[in-house]
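Novice: Checked TrEMBL, it gives:
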{"type": "TRANSMEM", "residues": "21-41", "note": "transmembrane segment"}
{"type": "DOMAIN", "residues": "28-478", "note": "domain 'Major facilitator superfamily (MFS) profile'"}
{"type": "TRANSMEM", "residues": "83-101", "note": "transmembrane segment"}
{"type": "TRANSMEM", "residues": "113-132", "note": "transmembrane segment"}
{"type": "TRANSMEM", "residues": "138-160", "note": "transmembrane segment"}
{"type": "TRANSMEM", "residues": "172-190", "note": "transmembrane segment"}
{"type": "TRANSMEM", "residues": "202-224", "note": "transmembrane segment"}
{"type": "TRANSMEM", "residues": "286-310", "note": "transmembrane segment"}
{"type": "TRANSMEM", "residues": "322-344", "note": "transmembrane segment"}
{"type": "TRANSMEM", "residues": "351-373", "note": "transmembrane segment"}
{"type": "TRANSMEM", "residues": "385-406", "note": "transmembrane segment"}
{"type": "TRANSMEM", "residues": "427-447", "note": "transmembrane segment"}
{"type": "TRANSMEM", "residues": "453-474", "note": "transmembrane segment"}
Amino acid sequence: MVAGGISAPGGGEGKEFEAKVTPIVVISCLMAAVGGLMFGYDIGISGGVTSMGSFLKKFFPKVYKRTQNPGENSNYCKYDNQGLQLFTSSLYLAGLTATFLASYTTRKFGRKITMLTAGFFFIAGVVLNAAAQNLGMLIAGRILLGCGVGFANQAVPLFLSEIAPTRIRGALNISFQLMVTIGILVANLVNYGTNKMKGENGWRVSLGLAGFPALLLTVGALFVTDTPNSLIERGRLEEGKTVLKKIRGTENIEPEFEQLVEASRKAKQVEHPFKNLLMRRNTPQLVISIALQIFQQFTGINAIMFYAPVLFDTLGFGANASLYSAVITGAVNVLSTLVSMYSVDKLGRRFLLLQAGVQMFLSQVVIAVILGLKVTDHSENLGHGWAIFVVILVCTFVSSFAWSWGPLGWLIPSETFPLETRSAGQSVTVCINLLFTFVIAQAFLSMLCHLKFGIFLFFSAWVLIMSFFVFFLLPETKNVPIEEMTERVWKQHRFWKRFMDDDHVLDDKKYSQLEEGNYKNDQNGQSSV
């Protein structure tokens, strides 16, 4: 199955990269995307175990006491506890820190080694969590899992974007997000089952079963090949060419290989990639990547996915019913991500984001109105019909996120940075994402207590803001080769092109030379950069 020609105005003439969708590409992408399965399982499992009585009784007795005496506390406040929120959020704080080291390993040792390291962190964290005897062990395990998240989220999106043929890059990259949603669904199913177990150790089974995707990622990382981009970047040109032939399924790889070598040559001129990110020509990619990560968290999705069982229990569903409702939303999440995989390279990134903005905004506003009328501090008079309607609205919200901000928040940054700043750019992307994931995870239960139903209005206002951002400032990157984004996207955009004019690019080049000690003032006494 040969890809159609890809025209690019590189150097004034079009380029066509021949590529087949080879089995090795599909298998490698699936193996790498298991990192998303682990990430998703961690997201889904925390909300379930924090609603289990046996878990709360052992680690958070004050919260457990509140849940057993609902009349004494507001329905919105019975889970408000900083320690409970720290159990969830510590993973993301650790991931935020780990991503800086992961950026170095991704660039110096390759995407494969970084994914393998993530697998080892995941396994160690799972062992500590499943065997936890006190809150300290529990948090330590979450921190190790967070390190795994930092390394996996740094390497996997880059791996998927670089190994995939351009015409299906979006779909294969979204396989990472698909695995995240499958992980959340599996976690919800596991929680539903372990909550029915006799005894006090159902939560241990839930946390321990995370070892399965952790082992899959570790073993998978041993067998995948590193990307041609990474091999060439590290000076292994012949090996990079061999891998490129293998993954493209053709001998005619010279045009693409030459472009990768040229991109690598430019990348090696950059001694300090994080400083290089601050250059004027990298402003569009940096601003968009940071904005997408902040907006992704302020859709409110992680608040719902972290605490779905807790949220539904707050609304009066009961423990088993709340876990069951979380399973339903998890299934919707998976199915909707499949929609994104099918449509992202056909309809484009902008269309999906803008359509989803309307759907998310309306569903959250309606949820807020219903909860404001039906759920008060000491009344759970939601009623069976209204309860079902709330679940449908949550599913409507989750579905629109799953085919838009969920996968595209990772896809767009991974495909827009040039090679010389790609690892650093991905590191900033992951860092910002985990920082605001931590903020939301740590604050949500307190926000729910204080804002009550207004928390959905808070997130809906952010959805409106981010939709305007997409409409005016986000360019379309569908079917554009990664190494041609500057010419075909940024230099053509009505706003961002002002950062790409030749004078400023020249200034940036001089700055790079100055960093390496190679640039000197010219003999005519012109001032240096």
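Yeah, the Cβs are placed from backbone N, Cα and C, and that goes for glycine too.
Nobody curates TrEMBL annotations by hand; they come from automatic prediction.
How buried are the listed features, and what sits near them?
Specialist: With a cut-off of 8 Å between Cβ atoms, the residues of this chain six or more beyond the transmembrane segment (21-41) that come close are 1, 3, 111, 115, 118, 122, 148-149, 152-153, 155-156, 159-160, 163-165, 168, 172, 175-187, 209-210, 213-214, 216-217, 220-221, 223-225, 246-249.
Taking Cβ pairs closer than 8 Å, the transmembrane segment (83-101) reaches residues 42, 46-47, 50, 56, 59-60, 63, 121, 135, 138-139, 142-151, 153-154, 306-307, 427, 430-431, 434-435, 437-438, 441-446 in its own chain, all 6 or more past its ends.
Within its own chain, the transmembrane segment (202-224) has Cβ neighbours under 8 Å at 28, 31-32, 34-35, 37-38, 41-42, 45, 48-49, 52, 54-55, 112, 115-116, 118-120, 122-123, 125-127, 129-132, 141, 145, 148, 152, 159, 183, 187, 190-191, 194-196, counting only residues six or more beyond its boundaries.
Sequence-distant neighbours of the transmembrane segment (351-373) (same chain, 6+ residues past either end, Cβ-Cβ under 8 Å): 299-300, 315, 340, 343-344, 386, 389-390, 393-394, 396-397, 399-401, 403-405, 408, 452-457, 459-460, 463-464, 466-467, 470-471, 474.
Beyond the ends of the transmembrane segment (385-406), by six or more residues, the same chain brings 177, 180-181, 292, 295-296, 299-301, 304-305, 308, 312, 315-317, 325, 328-329, 332-337, 339-340, 343, 352-353, 355-357, 359-360, 363-364, 366-367, 370-371, 374, 466 to within a C-beta distance below 8 angstroms of the stretch.
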Novice: Can the transmembrane segment (138-160) be said to touch the transmembrane segment (322-344) if we require at least 3 CB pairs below 8 Å and skip pairs under 6 apart in sequence?
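Specialist: Touching, no - the transmembrane segment (138-160) and the transmembrane segment (322-344) miss the threshold of 3 or more Cβ pairs under 8 Å.
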Novice: Which residues of the chain, 6 or more past the ends of the transmembrane segment (322-344), have a CB below 8 A from one of its CBs?
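Specialist: For the transmembrane segment (322-344), the far contacts come to 44, 47-48, 51, 170-171, 174-175, 177-178, 181-182, 184-185, 187-189, 191-192, 195, 304-305, 308-313, 352, 391, 394-395, 398-404, 406-408, 411, 478.
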Novice: When the pLDDT values for the domain 'Major facilitator superfamily (MFS) profile' (28-478) are averaged, what is the result?
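Specialist: For the domain 'Major facilitator superfamily (MFS) profile' (28-478), the model's average pLDDT rounds to 85.
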